[in-house]
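Report on the structure given below.
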Amino acid sequence: MPASAAPCAAPYGTPSPAAPEGAHTAAAGRGAPVSLPRLAQLRAAGEKITMLTAYDATFAALADAAGVECILVGDSLGMVCQGLPSTVGVQLDTMAYHSACVARGLHRVQGSAWLVADLPYGSYAESREQALRSACVLMQAGAQMVKLEGGGWTAPTVEFLVQRGVPVCAHLGLTPQSVHALGGYRVQGKTDAGARTLRQQARELQDAGAALLVLEMVPAALARDITDALPHCHTIGIGAGNGTAGQVLVLHDMLGMNLGKMPRFVHNFMQDAGSVHGAIAAYVQAVKQGRFPDDALHAW
């Protein structure tokens, strides 16, 4: 059932005044800057971490004002903004341009969100040194953390970057940059062997120093197990159920700005909100209160 269908609509309307203690409010984005220690504090307190994509100054400022802790300048911009068939064609200079736009948007409103930027396809696999050069481009554009996709083979690169002062978010499960090798956008880790591999890769990435780990299109039970096994690396789920330390969605998807079939793991928060800000605030509250995602509707 599409996430925007009627049975899913009622719980995710305009945020109510009765947010849980410690939850972000619509003005939370103006608070103290989010940092890695702050994200660790949220997890230790049992509060979910919220992340959304943004590709320009205006949407970044809106997400920050609505209380989103982490903004991801994702290479999904290739499909969302550039009309590419996948993320494979996204270039490093494009990622730097959009990272700078988002950073300026946050600076303009004295925002507090933590800014993560994707290392695009072909910008880090050749060598650790190539990865560092690429990461420097994004960090100098305003990113505070870089994200890279891949399993155990990326662990040495993660360690190399972290040792040189570059915070890293890893990414397992469905890795869109490998869509051709994976044979399409399919759930990963469904078999016993696949689940064992993902568990092992997650441990290797934590040991290498990854501070965050995106788990995409992974069975909910497996994502929960991985999360419980990683005390020092905070999992961010997308299509991975409610048991991760946080959630991320593509902004355009959760606003209903999708011309194709809505992914199973998405809910259209705009349909019950009166504004973009209201939709994002509703997403933040639904995640914080544990109402989104609903494993029965949005997970495998």
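Heads up, the Cβ atoms here are built off N, Cα and C, so glycines get one too.
What Swiss-Prot annotates here:
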type	residues	note
BINDING	Asp75, Ser76, Asp118, Lys147	3-methyl-2-oxobutanoate binding site
BINDING	Asp75, Asp118, Glu149	Mg(2+) binding site
ACT_SITE	Glu216	active site, proton acceptor
Query: Hey, how far is Lys147 (3-methyl-2-oxobutanoate binding site) from Glu216 (active site, proton acceptor), Cα to Cα, in Å?
result: 13
Message: Quick check for the class: what is the C-alpha distance, in angstrom and rounded, between Asp75 (3-methyl-2-oxobutanoate binding site) and Glu149 (Mg(2+) binding site)?
response: 11
- prompt: Cβ distance under 8 Å to Asp118 (3-methyl-2-oxobutanoate binding site), same chain, sequence separation 6 or more: which residues?
  reply: Leu72, Val73, Gly74, Asp75, Thr87, Val90, Met95, Val146, Lys147, Leu148
Message: Which secondary structure state does DSSP assign to Asp75 (3-methyl-2-oxobutanoate binding site), in the simple three-class scheme?
response: coil
- request: Any same-chain residues 6+ apart from Ser76 (3-methyl-2-oxobutanoate binding site) with CB under 8 Å of its CB? Would you list them in sequence order, or say none?
  value: Thr53, Thr87, Pro176, Val250
- prompt: How big is the gap, in Å, between the Cα of Glu149 (Mg(2+) binding site) and that of the residue listed as 'active site, proton acceptor', rounded to a whole number?
  reply: 11
- request: Identify, in sequence order, the residues in the chain of the residue listed as 'active site, proton acceptor' that are 6 or more apart from it along the sequence and have a CB within less than 8 Å of its CB; answer 'none' if there are none.
  value: His171, Leu172, Gly173, Leu174, Thr175, Pro176, Gln188, Gly237, Ile238, Gly239, Ala240
Query: Other than Asp75, Ser76, Asp118, Lys147, which residues of the chain come within 8 Å of the 3-methyl-2-oxobutanoate site, judged by Cβ distance to the Cβ centroid of those residues?
result: Thr53, Leu72, Val73, Gly74, Leu77, Thr87, Val90, Met95, Ala117, Leu119, Pro120, Pro176
- request: Could you say whether, by DSSP, Asp118 (3-methyl-2-oxobutanoate binding site) belongs to a helix, a strand or a coil region?
  value: strand
